[in-house]
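Below: one structure, written as structure tokens.
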Amino acid sequence: FFLSLKLEKKRKGKLQKQICQVVLDHFEKQYTAELGEAWSSVRDVLTSPWCWQHALLLNRFSQSPGLESSLAEQGYHPALPAAFRCYIRRAPGRFPAQKHQPGRLKDYFLLNAASLLPVLALEVKDGEDVLDLCAAPGGKSVAILQSACPGHFQCNEYDDLRSRWLEQTIESFIPDPLINLIMVSKLDGRQIGDLQPEFYDKVLVDAPCSNDRSWLFSADPQRAVLRLMQRKELSSLQFQLLRSAVKALRPGGSLVYSTCTLSKAENSDVIDLLLNSCSHVVPVDISEMGRGVSQEFTFLSGMQQHELLVLPEKGRAWGPMYLAKLKKISST
């Protein structure tokens with residue numbers, strides 16, 4: 001017992017050393033101001049990777065007999081609507097990852113359960129034309145295809161390396177006949193609205209953001225300082241991507257915006273700016289959806305009805321994940 005305690009301490013110490021102090025100090029100042037008392041418990045989870053949890057999204061295109069009973073034996077239970085076949089458990093730890101094998105579909109996708117909420121909010125129906133504007137690494141694209149069969153599905157990723165990652169993810173989870181319905185593009189997301197105006201029923205903008213979890217463990221402090229300096233520019237990029245998404249939407253179509261940061265400047269502020277500058281876009285109430293999953297997720301209180309912010313806490317270490325839903329009511 002004492003030996004395992006010693007090993008656990010050593011393991012925790014090792015991980016503790018990897019925390020980038022520059023980033024933590026920055027977050028401490030910003031998030032104490034923005035989140036108030038909630039920040040201390042969020043910080044405890046973000047700085048303790050050994051208490052992080054991983055969910056499994058089962059692949060409906062893969063036959064995996066015995067997997068669900070095996071998950072049940074290990075304390076996993078279904079979460080979110082049944083269409084997703086998402087399994088989570090309270091205990092931390094990670095299910096073994098499956099390697100990519102060309103020609104063979106994976107049985108499950110390991111993810112942060114909160115990352116399925118934007119897909120849930122998007123409410124894709126069979127036959128709809130859908131755009132995933134910033135699609136890599138592909139988890140949300142895969143999740144969309146687990147719950148519906150779009151008429152036309154464009155998965156876009158501007159970055160070359162991430163685009164290859166996206167293609168591999170799709171190849172790992174989606175069978176051939178369905179793959180032919182997916183168009184993987186490498187366009188600048190800021191230009192898609194002009195290139196394909198009013199073409200889509202649903203658009204997901206899972207925007208590039210300051211990823212709080214990974215930034216806290218930046219191995220290179222100098223790079224971390226640079227990242228923090230460039231952070232201010234992200235909200236401008238996010239706003240431009242949103243404007244493009246609105247242009248790409250048909251009147252009556254809806255979009256979901258999401259990030260994996262707690263930062264108000266990249267979340268509520270970007271959405272407020274869009275709503276104030278686009279009179280033909282209105283917020284959509286997703287508070288009922290939030291209540292429906294509140295057993296599994298902790299949300300920041302005091303948010304507006306069209307947005308949710310998932311706060312990680314021990315035993316429910318999901319997030320950070322911000323999402324907001326908007327609807328286009330007419331042409332510009």
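Sequential numbering from 1, following the chain as shown.
Here the Cβ of each residue, glycine as well, is placed from N, Cα and C on the backbone.
Unlike curated entries, TrEMBL annotations are predicted automatically.
Feature annotation from TrEMBL assigns domain 'SAM-dependent MTase RsmB/NOP-type' to 28-329.
The S-adenosyl-L-methionine binding site feature in TrEMBL is assigned to Cys134, Ala135, Ala136, Pro137, Gly138, Gly139, Lys140, Glu157, Asp188, Asp206. Sequence-distant neighbours of Asp188 (S-adenosyl-L-methionine binding site) (same chain, six or more apart, CB under 8 Å from its CB) are Tyr158, listed in sequence order.
Spatially close to Cys260 (active site, nucleophile) yet at least six residues away along the chain are Asn112, Ser115, Cys209, Asn211, Asp212, Arg213, Gly319, Pro320, Met321, Tyr322, judged by Cβ distances under 8 angstroms. Summarising the annotation, TrEMBL assigns active site, nucleophile to Cys260.
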Span of Cys134, Ala135, Ala136, Pro137, Gly138, Gly139, Lys140, Glu157, Asp188, Asp206 around S-adenosyl-L-methionine - largest C-alpha separation, Å
20
Segment-level pLDDT (mean, integer) for the domain 'SAM-dependent MTase RsmB/NOP-type' (28-329)
95
